[in-house]
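Working notes, structure below.
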């Protein structure tokens, strides 16, 4: 504290000089300051400092100061204070800053932290050598000591705001336990660099334009405890730079006067309210949504989007700060709640890295929390996970993200996920739409599966392949049209409404041209809106789509390149590869013979690459008529119904997992068996390697009606011709 008082004295002397025209001189070298300090101590220990311009006064004890601060440190403080700087230079620095008209003061201190341990819950003081298996339950419904969790977050001490970094000349150097973030946009000569720091007490984010003089163009956003913000040098004070504050936190912006308008694109008071009135979980999800919106607009790497990314990075760091601050303010924190918050922050960093590949983070570890989570998920069986309420399933999946070391997710969890997805899929086939709740769970499953290593158990691998096939079945032409419509309005999206089962599907044909063909034909969507929706959905699909080809064993049986594959259909005993060229060593069905304008082949391959007991030469697809809902048993189980358009190719796939799905396949809401569209065809991909075309009575009736219409037109033409002939003759 004595050091801070010393800094304040130096800083305020500069303020007095600027505002009151003081001409007094202070010592200008380290030797002089040390000698002057000695003389002060010999004369009197306490120095009284009075600031005439605002009536502030305080005492500085030099003896205590020198007991705490060494001579080299005192020299550094003196040099950093730039006390000998020409006052005209200091005045120029001040005049280069933008100052808000006033500080908006908001009553109260915002939200209450949500992860307090209920009085009825047990708490555990985890220390070195703690036996984690002694922790109860499997859902983290107990408290652990907060300081240990906080120590994992802030495990590294950093030297910040060094004097040789011009963009930080507004701050005094300091050492602090912190987490560091950075993003680089553009090249090293003319690009933009963004740096961020999160400590237990504050957040600082800096925007540095490399193409200009850093001291004049660096911009800073700060959030935190007002009395603990980094010390400023004398040409400005926090009271002048604070945009909004409440009883607990303050939001400060240090912006250049010549460019502040490009950075003040949003209302900072509203941003402050969003930060302080939302729970950390709600606020984190808001930032996730914003990053998805930036990704959808393809603005992640655009240098002109740097002001937006500056603000997003600031909000992202504040989300991390709010979680850490909540932990810091309590002796114990509830495990399940903190795991949920950590999982959301992890996903936030992940999508930020997808959007901005140069995004880096150093710190914010979860060693203790990961050990606790690992113990909890080890007790969750597959059937238990499948039977838990939705909120508890989300808790388990959050703990998996923290507790699965090196991506090694327990087999019981993977099997449980397969069961959860099958239940969700069966429910989906009653309505053929997905709500936000289902999409939220899918997002959690996506995070776990895309981070996990392939399971060693072949049985679990096969179940996961069936799971991916169920996600593929929910990626219908209806779903594609819905997502294009949503992404046509990226600013109205939320993170869950933006998630699609297509991200976990086995379709590889969803390029922009294909998506445009599936766009809704509605007057509500203009051509511009369709283009925006197609581009946005394609961007996110490219970023989040599961890299699933390496999970399909049968792919190794052929030398086909990935760009030729349209979709894969892994059934229990055979894998179908739908592609634009025929595969070797497979039973090949050429779909192009059935009216399709572009080539499409369906190749049947066994997972172990062995042959079939029937001819593997190119085969014609037989036709079955009059298929309808089976009255008994499940003849369609473990097979797939595929629909395709004559012009646009593959539309939808439907994996029949049980009798209920089989029955729901024929509902009016089903995307299959359209009575009114003769351009849509349906194939039945069976588990024995045979493919059959399905044509129902609806097709025969339509053909008969068409024949009657053509016959009537022809007959009418003949009558008219005879009438004209007789008119001429008679």
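Start at 1 and count along the chain as shown; that gives each residue its number.
Every residue, even glycine, has its Cβ placed from backbone N, Cα and C.
Per Swiss-Prot, the features are:
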type	residues	note
CARBOHYD	54	N-linked glycosylation site
CARBOHYD	101	N-linked glycosylation site
CARBOHYD	125	N-linked glycosylation site
CARBOHYD	188	N-linked glycosylation site
CARBOHYD	209	N-linked glycosylation site
CARBOHYD	215	N-linked glycosylation site
CARBOHYD	267	N-linked glycosylation site
CARBOHYD	274	N-linked glycosylation site
CARBOHYD	365	N-linked glycosylation site
CARBOHYD	556	N-linked glycosylation site
CARBOHYD	626	N-linked glycosylation site
CARBOHYD	688	N-linked glycosylation site
REGION	190-254	region 'Interaction with gL'
SIGNAL	1-21	signal peptide
TOPO_DOM	22-706	topological domain 'Virion surface'
TRANSMEM	707-727	transmembrane segment
The rounded CA-CA distance in Å from residue 101 (N-linked glycosylation site) to residue 267 (N-linked glycosylation site) is 14
Given the glycosylation sites 125, 365, 626, which one is most crowded in terms of C-beta atoms within 10 angstroms?
365
Tell me which of the glycosylation sites 274, 365, 556 ends up closest to residue 125 (N-linked glycosylation site) in space, Cα to Cα.
365
Nonlocal residues around residue 556 (N-linked glycosylation site), in sequence order (Cβ under 8 Å, 6 or more apart)
609
Give the distance between the Cα atoms of residue 365 (N-linked glycosylation site) and residue 626 (N-linked glycosylation site), rounded to the nearest whole Å.
61
DSSP on residue 626 (N-linked glycosylation site), three-state: which is it?
coil
Any idea which of the glycosylation sites 101, 267, 274, 688 has the thinnest Cβ neighbourhood at 10 Å?
101
One should report the C-alpha separation between residue 688 (N-linked glycosylation site) and residue 626 (N-linked glycosylation site), rounded to whole angstrom, as 22
Within 10 Å of residue 267 (N-linked glycosylation site) (Cα-Cα), which of the glycosylation sites 209, 274, 626?
none
Rounded Cα separation (Å) that holds between residue 274 (N-linked glycosylation site) and residue 209 (N-linked glycosylation site)
28
How many Å separate the Cα atoms of residue 209 (N-linked glycosylation site) and residue 626 (N-linked glycosylation site)?
69
Suppose we draw a 10 Å sphere around the Cβ of residue 209 (N-linked glycosylation site). How many other Cβ atoms does it contain, all chains included?
21
